[in-house]
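This report concerns only the one structure given below.
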Amino acid sequence: MKFFLLLFTIGFCWAQYSPNTQQGRTSIVHLFEWRWVDIALECERYLAPKGFGGVQVSPPNENVAIYNPFRPWWERYQPVSYKLCTRSGNEDEFRNMVTRCNNVGVRIYVDAVINHMCGNAVSAGTSSTCGSYFNPGSRDFPAVPYSGWDFNDGKCKTGSGDIENYNDATQVRDCRLTGLLDLALEKDYVRSKIAEYMNHLIDIGVAGFRLDASKHMWPGDIKAILDKLHNLNSNWFPAGSKPFIYQEVIDLGGEPIKSSDYFGNGRVTEFKYGAKLGTVIRKWNGEKMSYLKNWGEGWGFVPSDRALVFVDNHDNQRGHGAGGASILTFWDARLYKMAVGFMLAHPYGFTRVMSSYRWPRQFQNGNDVNDWVGPPNNNGVIKEVTINPDTTCGNDWVCEHRWRQIRNMVIFRNVVDGQPFTNWYDNGSNQVAFGRGNRGFIVFNNDDWSFSLTLQTGLPAGTYCDVISGDKINGNCTGIKIYVSDDGKAHFSISNSAEDPFIAIHAESKL
């Protein structure tokens, strides 16, 4: 009996690393700045049937409404209260979305902004998404309520009160991140208010949280908050399920704060992943795809079972956050599809796909002066995500998750889940291939010359549909067909000028 009890407790201890997705669903998508009503529809009409595991939603709590510049995306990272009331929708719409998505097996993960409230320079008043009064100057947030006692002003030792030196781990945690009022997370009252907010979301039915700015919180303070959280709603989750936790920690090396400091609380965002993969696919600094043979921990990344991975995120696709110029985004569509394809085929980490909106980029001295621009809107009201006849999105919503090449690789990852990384091939340059056991195989040509070779796929004999160039529809293939012989070998030809210079086949794409 002791043995069973031990297993029982271990199961609960490890729960925050598990994404709580339905069996066979292995990726989530960040529907950045989408309205709750559009997410609910997308769960039903697209995400569920296409095998997506869940959605990371933008912060659902009340934030400052900023008009200079006009309604920037980053206003949502400046909380005013924990009321569920934003440009994405109100609490009723949020509840409706969570219910409808869970009912079709698609989970909701909340971007939780709990390190801070709004900036200290914001004017007092009711310029907030729900009309709540707040006064940053006097540290007064009556809608929570928080007062001057609940902030770290007294603990911060820098002259400005802001973080001035990232080599000082204490000020990174106890001072203000770019002027944002830093909550005193060691106080039980503050921890309780945050846990109350997160428990409200858990009770509604969310499956987990991205913890924004985790690097700026002490790991022990995060743990104290997590220890107060409810189990997930048993309408949709097994009894005793814990919320999935992934912490935003930017650790590119060279600073005292390490991702590993946070492993006790949950997974961490591995920012090295997209930065390095972008450098490789762009072939910068002499990097080659052949070097990806030991991708993952071999590149100095966090352990696979602690990693939340992505090619780009809402910050670094516009030059914020971490990764710099190497980050690939939808603006670099051809290379981007290859990078996302590689990520979704490779077993390392838990994968998140980005879904963006277009904005008018304007570079001056190498910087995008429009990096602040918020989502498509009419006078500040977020525009509907319209769906075009060809299944792409309108109204300047990019919907990368609907691109055939990306959607089909989300399915590929589901099909090969649990299979080993096998049958690696490289030409010493930028032509590489690998398999996932006997369930899938993928080939890339990122060289400036064509690729034509017979490779061992590890797959059963038969005719397969390449899910990059087309789809398997009613037993037919709209793209390239690949013939695997009895010995598991197949011939692949990929021109370096192909629209998408990669091919992927899997057990479910067999004709």
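Backbone N, Cα and C atoms are what each Cβ position is placed from, and that goes for glycine too.
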Among the residues GLN16, GLN171, GLN405, which does Swiss-Prot list with the feature pyrrolidone carboxylic acid? GLN16
Among CYS13, CYS43, CYS85, CYS393, Swiss-Prot lists the disulphide partner of CYS130 as CYS85
Looking at ASN427, ASN476, which residue has the N-linked glycosylation site feature per Swiss-Prot? ASN476
Cysteine of CYS101, CYS118 paired with CYS43 via disulfide, per Swiss-Prot: CYS101
Swiss-Prot has ASN313, ARG352 binding chloride. Which one of ARG191, ARG210, ARG436, ARG439 is in the same site? ARG210
Would you identify which residue of ASN103, ASN115, ASN285 Swiss-Prot lists as part of the Ca(2+) site it also attributes to ARG173, ASP182, HIS216? ASN115
Quick one: Cα separation, GLU248 (active site, proton donor) versus ASP212 (active site, nucleophile), in Å? 5
Other C-beta atoms that fall within 10 angstroms of the C-beta of GLN16 (pyrrolidone carboxylic acid): 22
Whole-number Å value for how far ASP315 (site 'Transition state stabilizer') lies from GLN16 (pyrrolidone carboxylic acid) (Cα to Cα): 24
Using a 10 Å cut-off on Cβ-Cβ distances across all protein chains shown, tell me which of the recorded positions (ASP212, GLU248, ASP315) has the largest neighbour count. GLU248
What's the number of neighbouring CB atoms sitting within 10 A of the CB on ASN476 (N-linked glycosylation site)? 11
